[in-house]
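Single-structure report; data block below.
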Amino acid sequence: MTGHHSFVPEPRPARLKMDNKKRLAYAIIQFLHDQLRHGGLSSDAQESLEVAIQCLETAFGVTTEDSDLALPQTLPEIFEAAALGKEVPQDLRSPERTPPSEEDSAEAERLKTEGNEQMKVENFEAAVHLYGKAIELNPANAVYFCNRAAAYSKLGNYAGAVQDCERAICIDPTYSKAYGRMGLALSSLNKHGEAVAYYKKALELDPDNETYKSNLKIEELKLREAPSPTGSVGGFDIAGLLNNPSFINMASSLMNNPQLQQLMSGMISGSHNPLGTPGTSPSQNDLSSLIQARASAILSFLADQKPLSVLPFSLIGLLKREPEDEVGPAC
């Protein structure tokens, strides 16, 4: 039985230290989970504890399902005993970190490389599985988590990608690619403000990375064009566009485009025609009503027109571009 010398013919100190370390980590994780349930914490504090739990699980390779690591006493009980001068249980003394064996490290690298090959042929589910196996053998390697985050993003599992990026950052806070991939996942979850912060951190660590620069610009544009109380449709600041004279002039001209006339006539059939009578240009009030009501269709149509230079740059960016990941897995 693990941790009891009388049942082990040949004691292995390194293994026993690993078990003690896991027991201590498990006790801490149990305590943090208890605080989440009964601690009466703010939402920010709860989020911080959740990240701390993920970091501990990653660093020590344990989860709340590892009930065999449970101790007879809870962490608060052990702390109270120590504060009163009582003896601390032997299982919790001098925990030390033991790195994976050379064999485990080599096998983890092989699995990671195989996962990279599966990414190249777009077999993302297999890549997730292989990276997960590598993590089991070496849970202290940030690259494995970051690579699996890339595979999760390809599968549309952005929440999983965020979680793996958080774990990679916990392991290596200077790993720029983890911040970049976190930004990508957050963008896909429409959390553009958070994505901006992570791209800025990625650029701070890797200032010459053109992908991070481009993605940061895109996220900043999306953040500026996010819905506002003044009126928006599909993430576009319609009120801002209607106050833009160049946009109104451009829209007035294009309203006479036969294709756009046909598009709009189908939408407003049977109602008052805000496009005006044939041969005349609609008023700005008519344009405002029309754009407010049919903004998504109109903006999509305008974005397909040539040349695109007539549109505000921020609008072009929002309609035409999405953040991009760097090519391939981390390494």
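Keep in mind that glycine also has a Cβ here, set from the backbone N, Cα and C atoms.
In TrEMBL this protein carries:
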type: DOMAIN; residues: 20-80; note: domain 'SGTA homodimerisation'
type: REGION; residues: 86-117; note: region 'Disordered'
type: COMPBIAS; residues: 88-100; note: compositional bias 'Basic and acidic residues'
type: COMPBIAS; residues: 107-117; note: compositional bias 'Basic and acidic residues'
type: REPEAT; residues: 108-141; note: repeat 'TPR'
type: REPEAT; residues: 142-175; note: repeat 'TPR'
type: REPEAT; residues: 176-209; note: repeat 'TPR'
Determine how many residues of the domain 'SGTA homodimerisation' (20-80) DSSP places in helix, in strand and in coil.
46 helix, 0 strand, 15 coil
Report the mean pLDDT of the predicted model across the domain 'SGTA homodimerisation' (20-80), rounded to a whole number.
79
